[in-house]
Amino acid sequence: MGGVDDEEPALKRMKLSAKGLVGLANGSSSKEPVGGFSSDSMARLLPSEGDDQVVGSKGVIKRDEFVRIIAKALYSLGYRKSGARLEEESGIPLHSPGVNLFTQQVLDGNWDESVATLRKIGLTDDTIVRSASCLILEQKFFELLNGGKVMEALKTLREEITPLCRDSSRIRELSSCLVSPSPKQDIVKVRSRSKLLEELQKLLPPTVMIPEKRLEHLVEQALTLQREACPFHNSLDQMSLYSDHHCGKDLIPSRTVQILETHDDEVWFVQFSHNGKYLASASNDQTAIIWEVGVNGVCVKHRLSGHQKPISSVSWSPNDEELLTCGVEESIRRWDVSTGKCLQIYEKAGAGLVSCTWFPSGKHILSGLSDKSICMWELDGKEVESWKGQKSLKISDLDITADGEEIISICKPNTVLLFNKETKDERFIEERQTITSFSLSKDNKFLLVNLLNQEINLWNIEGNPKLIGKYKGHRRSRFIIRSCFGGLEQAFIASGSEDSQVYIWHRSSGEPIEALPGHSGAVNCVSWNPANPHMLASASDDRTIRIWGLNSLNKKYQHAHSNGIHYCNGGT
């Protein structure tokens, strides 16, 4: 429950003070009019009538744009008669006669005519006209080449494309197709005329040609904004279009559904496997436990013994078939998850190992050493490489990005090092307070940094690191307290606390959501199941691990006691 005396080894539980850390084109054509009427059946234009120009209660949606987007969606979904009927009944055409003509000319392969029409549809930007013309003429070039009309293709390149195209490298690439056309046949086949039309739509202003799937994009955007604004969104269920989206707190794991009591001393670390099927815990009792997550709860799979000192952390292999355990300034052990057998011990004379993690390939491991260096090992225990200097601390977290390039560690009391092992480039996150731990997001874009002053900072580590969020409310005065990302799309932040509670915040807003009581000692570490957004684990000085679930009894816990809490004291 308390701190560790100064003369004892530098444990993961080492006391922390304000002065710093003590330790730790296929050529196809279409004769069917597309996306609007042909010139002889254009919708008649009706005179506008004041308020009829807008729709919706806010008066911000232009009626003609709204109708055109709906018509575009109908055509895209294949409801061509309905789209045509909407144009006719509303009197609002999807596109102008010129655009409809241009579209049909492209699909019919009338290249010279389509280039001429392009200049008559209201485009004011000459750059757009040139770019679109180049795309059309390239299609003409490839179709001629594909049809064996090499001399005509050459003429098109010299007399039509070259004067328009300002990209000399593109001209050379097209010329190479004439010299050696066979390897380039795939280029011709890849882009059909309909694909060309899609590319042209991206170039032309939306007021001239409405983009594909514009209505779908707007709806998706609205749903995404509603989801992001919902502080409790934590469900894989599809959102409905019939009503505004809002989730309740019942989707946040906030109820103890199981208490694991197998450890004989303080539990310092917990971590779910990547597939969510296992949970590993590390304790001051010098053991680690692999727990199996099943439909009937969490039960012991293996108890791992062999360390001569307390175990500060664990790390799952990328395939979840092996586990690393790190003794405090002692050794790292690698275990087989299926059998519970120790496969390898990693040690280094004259230095204790203080942290560990896996390379994304699963073929090497990394360790932080008490001499402040970082070492890379092969699985058989052979040391491959070592980075010396101020790369790590006596008590330090360690991680590596998914591309295997950037190693992350705490190199100074208030500084996180992002070290590129290939280029040797270094980036730094410098805090004003002492750093106690950190956690890397699943997408490797963000880093959660726990500080001595009872704050958790969120950094965007893409490019130059940028502070983008802060979380407050938990308590930390003496020990290492760890936090984590979690929930659906890692939309939440959870943390332990010395006041025996688990704290949960909304990641984007920083607003506190829950403070979960239940433990009788400091909560040292939390882990959110990556495969189940409704399951959270917490490790405490009270020698227990609590599994948190939804307030409503989950089916997989229906076998539990009448109070809904299932106790596990080591039996399987």
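Heads up, the Cβ atoms here are built off N, Cα and C, so glycines get one too.
The domain 'CTLH' annotation in TrEMBL covers 95-152.
Remote same-chain partners of the repeat 'WD' (260-293), defined as residues 6 or more beyond its termini with a Cβ less than 8 Å from a stretch Cβ, comprise 1, 11-13, 299-305, 307-316, 318, 320, 323, 325-327, 335, 337, 340, 480, 482, 521, 524-532, 535, 537-541, 543-547, 567-570. TrEMBL lists 260-293 (among others) with the feature repeat 'WD'.
Sequence annotations record features per position, and here TrEMBL assigns repeat 'WD' to 304-345 (among others). Long-range Cβ contacts of the repeat 'WD' (304-345) within its own chain (Cβ-Cβ under 8 Å, at least 6 residues beyond either end) map to 9-13, 24, 265, 268-269, 271, 273-275, 277-278, 280-290, 352-358, 360-362, 365, 367, 370, 379-381, 394, 397.
For the repeat 'WD' (492-515), the predicted model reports an average pLDDT of 95. The feature repeat 'WD' is assigned by TrEMBL to 492-515 (among others).
Under the heading repeat 'WD', TrEMBL lists 516-558 (among others). Counting same-chain residues at least six beyond the ends of the repeat 'WD' (516-558), those with a Cβ under 8 angstroms from any Cβ of the stretch are 1, 13, 234-236, 249-261, 263-272, 274-277, 279, 281, 283, 291, 293-298, 442, 479-488, 492, 494-504, 564, 566.
Helix, strand and coil content of the repeat 'WD' (304-345), in residues and according to DSSP, is 0 helix, 23 strand, 19 coil.
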